[in-house]
Amino acid sequence: NNNNDRIIPLSESAPPPSRSFSVTAPTELQRSVQRQFEQQQEQKKSLNEREGGGDIPWWQFYYQMYHYHPPTGRKPTVFGPYLLLHTLGEGEFGKVKLGIHIESSQEVAIKLIKKDHIDSSSRMIKVEREISVLRV
């Protein structure tokens with residue numbers, strides 16, 4: 001134990017640093033996203049009112065908004081928190097679909113890869129490389 005060491009009682013310690021927060025005005029991008037979200041909410045509300053006030057399934061709003069016409073009798077395809085709509089493209093390993101986040105209405109592209117299409121280590125390396133590029 002070093003003689004220079006000493007325990008400082010709480011009463012002698014310095015007060016905790018003050019916390020200050022800076023509030024800035026929203027950026028143009030943030031305002032644009034907020035406006036888009038509000039417009040989508042208004043579209044949902046007006047569509048709901050036109051269709052009889054809640055008699056249509058929740059996914060029907062997105063089907064109409066994106067002009068998506070699935071085959072008759074097909075149930076909505078939900079993948080995690082996303083509703084999958086039409087195919088945007090197809091590649092060597094699978095399809096890319098338009099996905100809509102169910103709660104936020106954010107549009108995303110979702111690549112669906114069938115496991116049986118990855119039948120060799122070289123194809124697996126290609127998939128891993130693509131994943132690493134897309135994460136950047």
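Using N, Cα and C of the backbone, Cβ positions are placed for all residues, glycine too.
Listed features, source TrEMBL:
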type	residues	note
BINDING	Lys115	ATP binding site
COMPBIAS	19-29	compositional bias 'Polar residues'
COMPBIAS	30-40	compositional bias 'Low complexity'
COMPBIAS	41-53	compositional bias 'Basic and acidic residues'
DOMAIN	82-136	domain 'Protein kinase'
REGION	1-54	region 'Disordered'
Local confidence of the prediction over the domain 'Protein kinase' (82-136), expressed as mean pLDDT: 88
Per-state residue totals over the domain 'Protein kinase' (82-136) - DSSP helix, strand, coil: 18 helix, 24 strand, 13 coil
Within the compositional bias 'Low complexity' (30-40), residues counted as helix, strand or coil by DSSP: 11 helix, 0 strand, 0 coil
Cβ neighbours of Lys115 (ATP binding site) where a neighbour is any other Cβ within 10 Å: 8
